[in-house]
Amino acid sequence: MKRAWNFSAGPAMLPEAVLQRIASELLDTNGSGMSAMEMSHRGKEFLAIAEQAEADLRELMAIPDDYRVLFLQGGATALFATLPMNLANGSGRADYVRSGHWSDKAIREASRFCKVNVAADCEGNGFSRVPAADEYRFDPEADYVHITPNETIHGLRFPELPSVEAPLLADYSSSILSEPVNVRDYGLIYAGAQKNIGPAGLCIVIVREDQLQGAREGTPSLMDLQAQAKAGSMLNTPPTFAWYVAGLVFQWLKAEGGLTVMAERNGEKAALLYGAIDASDFYSNPVAAECRSRMNVPFFLADPALEDTFKAEAKQAGLLTLGGHRALGGLRASIYNAMPKEGVQALVDFMSDFERRYG
Ligand SMILES: Cc1ncc(COP(=O)(O)O)c(C=O)c1O
């Protein structure tokens, strides 16, 4: 058996130590005689796993006591609709920052349930930088402001948060746990699990209690955040196995030294890869240096006709899933927490060799 370096944007690599632990306790988890995926979600064995996972996440992210943590289904996409149904019930208006593909999706979905004001739009700069402070046009009546701190496809990251009056809601799907964040800056943070947390099928929501005012009439009960908070995320059967694996990832993160250590490592990995791209005319990345994602690195070949050869040869070399998203084309390397520096070094070495042969 040989593990490849997998640069998928999600579902993505998990830490090898976590996969080994899952394998070792697949038939008998915590002496229960059952796999975690066979446990009743209301049984004491699973409840202990669920509570430990939440406690570890709270410790890692320093989540204050007046924030609730929910473990929901439906991915981040379900939250695109859940947010306006639960939180756009004052003026019925919400500010969204359009910084790339995923915020655009969030806007399209939210527009079905509230009046969206696009407070800033990065399309004009080709999604190559986040808005400057004076480019925002917020609606003073907005019930909330929504941002996507890391755009997975465009490889764009907010180096600083916009200064806002309304509660800030953030889709952290592709950068949660990659560095410390100040949870207090947000009314709500959400993230699909399949990048930095665990398997797909789980979406984590961290929400300040004062935001749980009750969903509007007609909201499906599973999308009612207040009801989910009251039910401990168990209005129905939650994604138990994904929740268990998320808990193991949180334990791994703690053992590795927590989010400050992750931020250091991720900074080094990103510097290595962007350094290789910038040092050559053969590769390019269009994003302004200060806004470059440390998780998702899109890059382009000077001659796009070589892309298929690049991907095929990379695969031969054990470097997988380097194709860009179909919306953008080109190539992309996602380098989440679980990707070691060694994997990024292997990619950089391959890129240099490829340029020598085809450049
Ligand atoms: C930033 C961001 N938001 C939302 C999504 C959608 O997530 P899901 O497929 O879990 O609904 C993705 C998926 O890649 C993403 O990267």
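Our numbering is plain: 1 for the first residue shown, then up by one each step along the chain.
Each residue, glycine too, has its Cβ placed from N, Cα and C.
Just so you know, TrEMBL annotations never went through curation; they're auto-generated.
For the recorded site, Arg42 (L-glutamate binding site), the DSSP three-state label reads coil. The annotation L-glutamate binding site is assigned in TrEMBL to Arg42.
Among the features that TrEMBL reports, pyridoxal 5'-phosphate binding site is placed at Ala76, Thr77, Trp102, Thr152, Asp171, Gln194, Asn236, Thr237. Asp171 (pyridoxal 5'-phosphate binding site) counts 27 other C-beta atoms within 10 Å of its own C-beta, drawing on all protein chains shown.
The domain 'Aminotransferase class V' annotation in TrEMBL covers 5-347.
Within the same chain, residues at least six positions away from Lys195 (N6-(pyridoxal phosphate)lysine) with a Cβ under 8 Å of its Cβ are Ala9, Gly10, Pro11, Ala12, Thr152, Ser173, Ser174, Ile176, Met295, Ser334, Tyr336. Secondary structure from DSSP puts Lys195 (N6-(pyridoxal phosphate)lysine) in coil. Annotated N6-(pyridoxal phosphate)lysine per TrEMBL: Lys195, in sequence order.
Fewest other C-beta atoms within 10 Å: among the binding-site residues Thr77, Thr152, Asn236, that description fits Asn236. Each residue contributes its Cα atom, and for Thr77 (pyridoxal 5'-phosphate binding site) and Arg42 (L-glutamate binding site) those atoms are 27 Å apart.
Counting every protein chain shown, the number of other Cβ atoms lying within 10 Å of the Cβ of Thr237 (pyridoxal 5'-phosphate binding site) is 10. Proximity to Arg42 (L-glutamate binding site), judged by a C-alpha distance within 10 Å, picks out Thr237 from the binding-site residues Ala76, Gln194, Thr237.
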